[in-house]
Amino acid sequence: MITKLLTKVIGSRNDRTLRRLRKIVKEINNYEPTFEALSDEELKAKTVEFRERLEQGETLDKLLPEAFATVREASKRVYGMRHFDVQLIGGMVLNGGQIAEMRTGEGKTLTATLPAYLNALPGKGVHVVTVNDYLATRDAETNRPLFEFLGMTVGVNVPNMPPQAKKEAYQADILYGTNNEFGFDYLRDNMAFRNEDRVQRERFFAVVDEVDSILIDEARTPLIISGPAEDSSDLYTRINLLIPQLQKQDKEDSEEYRGDGHYTVDEKSKQVHLTETGQEFVEELMVKNGLMEEGDTLYSPTNISLLHHVNAALRAHVLFERNVDYIVNEDGEVVIVDEHTGRTMPGRRWSEGLHQAVEAKEGVKIQNENQTLASITFQNYFRLYEKLSGMTGTADTEAFEFQSIYGLETVVIPTNKPMIRNDMPDVVYRTEAEKFAAIIEDIKERVEKGQPSLVGTVSIEKSELLSNALKKAKIKHNVLNAKFHEREAEIVAEAGTPGAVTIATNMAGRGTDIVLGGSWQAKVEALQDPTKEQIDAIKAEWKQVHDQVLESGGLHIIGTERHESRRIDNQLRGRSGRQGDAGSSRFYLSMEDSLLRIFTSDRMASLIQSGMEEGEAIESKMLSRSIEKAQRKVEGRNFDIRKQLLEYDDVANDQRKVVYELRDELMSVDDISDMIEQNREDVITAIIDEYIPPQSLEDMWDVEGLQERLKADFDLDAPIKQWLEEDDKLYEEALREKITNLAVEVYKAKEEVVGAQVLRNFEKSVMLQTLDTLWKEHLAAMDHLRQGIHLRGYAQKNPKQEYKRESFELFEGLLEALKTDVITVLSRVRVQQQEEVERMEEQRRAQAEEAARRAQAQHAAAQNPLSEGEESEEGAHQPMVREERKVGRNEPCPCGSGKKYKQCHGKID
């Protein structure tokens, strides 16, 4: 009550922010007459002037009013477009490292030019991030004339660019690209073997367009660079044949109830689990088909891989539906459909064997599984930027998440013209058939009065179902979904013409405005070298049609189902009513819709259906509240999942930072001999300690064992017995020194044969490749650990704490193994001449580069942080564990502090 009263008196935080920014808008507007009087050359010279002032110590905030005024004036001259005051406010919000919520049609692309120009002045580069290649290329080409007029360079970052072109693109002042490509470039840079092969420079400032889609919808989907693993396509095919024999059980097993079904499905969390009966039945089938020994169990450590395959096949059959989650294209490939945009994602593959299981289910060629070489989530990639900002039409519903995870405040920017769209209440029918009949009637009415309609569906399957119903009703329409995305621009250009009917899966076509009356630009582009008269005639004709559409009520939005997230519903609505245009929207629902079926209580469902007759609709505030409550519930659960995922990924992220910093250090220096020398001392000392324990009696020494170990591991012939016989006063410390000195002498002899520089290059090459191999193994071990960690909850242990503890132990093993493996390789290598080492180094590099070339970028399946594990605790990461290892005292501490281990957590040991 008091909060509401205070808000009325002093305004909300958003109101106060807007008041503060409007004062700066006045300042920018005051520069307008002065800048209008400047010649083109004088206006262009402003960029050089601003850069000089920055060098003299002026801040970007101090330059902001003049810089924004410069961009606005340049835009007027280049495009004949003047930034509105609300766009200036949006630009300031972005410059402040915040999220600007701007409605569809308010000119987000033009708004982004303001902070992009200002933040490109220091010369560190600005990244403008979009959701797909088409938008990245379109926005770069649209804004290129403006930035080049002001003396700035513009680049585009899209997949499959040649390395040199990509490197040049990153040197541009302003770089447009997709979120995936920026993330993958970061991972690829951290797999490179030479500095000149890296493309990215520092991550200074990013403007993320459609920020909700990238930082929220895709937050659960890690980016993965993977390489080929072993072929197990036959196993997928054989297990795929068993799954159709399993029966679904509606209720979970409990102490009081044990069903006779084989698996249960949790639709809320999108999980499928084998029941006890199911496990026994699958084991029987496996034995019968020669996949398992009699009396063996699926959950024994030796059968981990079989359980993994069964789970993948079960998920493929039960949770993943053709034409909803994926399509099979003409080439017989399974292509993922993005659940948020309805677009296909060629080249992306689900991980953990799921893609292969779907291929087996569809009977197409099964491609090899991949092994993770590097991975990162968008959450952690975008937090690497010094300053991050974003734009979207719908962020307010997720403002809390942006603030708590990314530290980004959301500012709602007012529209340039008042919004007059009529958002009508939802109507609910008993069945889907009744709902579709009502939608067809609504569309008929709109077509008759010449009003364009955009119909949003949640899947390809539903869009085709509706399309067939419209064909029967003889209503002409266009379908925009993953199957027909090649015609996307053409369909969107026509979607605003009188009486047009467009069915769009989810938010396909997002990023392109639907212009009432159709797109006159598309008609102009269709002409070859159009004259001014032709362009004027097209514009005049368009104006007439535009006014006609406005009179008919503007664009009408029909939602065929409520999405789990209110934000996606708002995005669909936001396609209408742009820039103060007329428009309307309505959602048609049925009690068979998944959201209502899963999340509405049985009491509410029976209450609604009891008084309804066939074809009758219900409009109820209580029902609308119930639906919104269900959506909030789902949003809350999804937020918790993303937050938990981040907490787990933060553990890997701290370790990733240590590994990548070590890699950076190795890449930036030519001579790592000091590091090698220190590592050699640490490794040999650790081995000596095993056979000659510190401060022990001579009777406890295993001299023969030590001699054999030094020979086997390091090819070192140390005559320790002889030394002890020759000098009976040779004590433990002096002996240690003697062995270390001998190892150094032997190594120095190699250096004399091949030359110092050749050996330095070889050391660096061995160190980098060993680090990459161990990191790859470590990622696999972390995956296995993660999948089985939820089982610790049954032992009254905190899975998160256990995960942190065990992953730290794994990381200790990695750092110790790095030293041991590098010293072993360098010690055992035998050389006669310089050319041999050069040839070996070239061979190792060629192998590594071939592996990198064969690596592919992919998305993992969206993760649940505590999903049902496919591994038992014992089998989860056993093969990867290196026992009896410790972090080297001079290594970076795995906690990520940046200090040496001995000066940080090493003090505690």
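Along the chain as shown, the residues are counted starting at 1.
The backbone N, Cα and C atoms fix where each Cβ goes, glycine too.
Taken from Swiss-Prot, the feature ATP binding site covers Q87, G105, E106, G107, K108, T109, D513. Annotation note: G105 (ATP binding site) sits in a coil segment as assigned by DSSP. Listed in sequence order, D513, R578, Q579, D581 are the same-chain residues six or more apart from G105 (ATP binding site) with CB atoms under 8 A from its CB.
Per Swiss-Prot, region 'Disordered' is recorded for 834-909.
If you look up Swiss-Prot, you'll see 836-853 (among others) marked as compositional bias 'Basic and acidic residues'.
Here Swiss-Prot flags 854-863 as compositional bias 'Low complexity'.
Here Swiss-Prot flags 874-889 (among others) as compositional bias 'Basic and acidic residues'.
The Zn(2+) binding site annotation in Swiss-Prot covers C893, C895, C904, H905 and is backed by sequence analysis.
Positions annotated as compositional bias 'Basic residues' by Swiss-Prot: 899-909.
For K108 (ATP binding site), the same-chain residues 6+ apart in sequence whose C-beta sits under 8 angstroms from its C-beta are G90, A100, M102, D209, M391, G393. The ATP site is defined by Q87, G105, E106, G107, K108, T109, D513, and by the 8 Å test on Cβ atoms against their centroid, the other residues of the chain that qualify are M102, T104, L110, T111.
There are 24 other Cβ atoms within 10 Å of the Cβ belonging to E106 (ATP binding site).
Q87 (ATP binding site) falls within a helix when secondary structure is assigned with DSSP. Here Q87 (ATP binding site) comes close to E106, G107, L110, T111, L114, N416: these same-chain residues lie at least six apart in sequence, with C-beta atoms under 8 angstroms from its C-beta.
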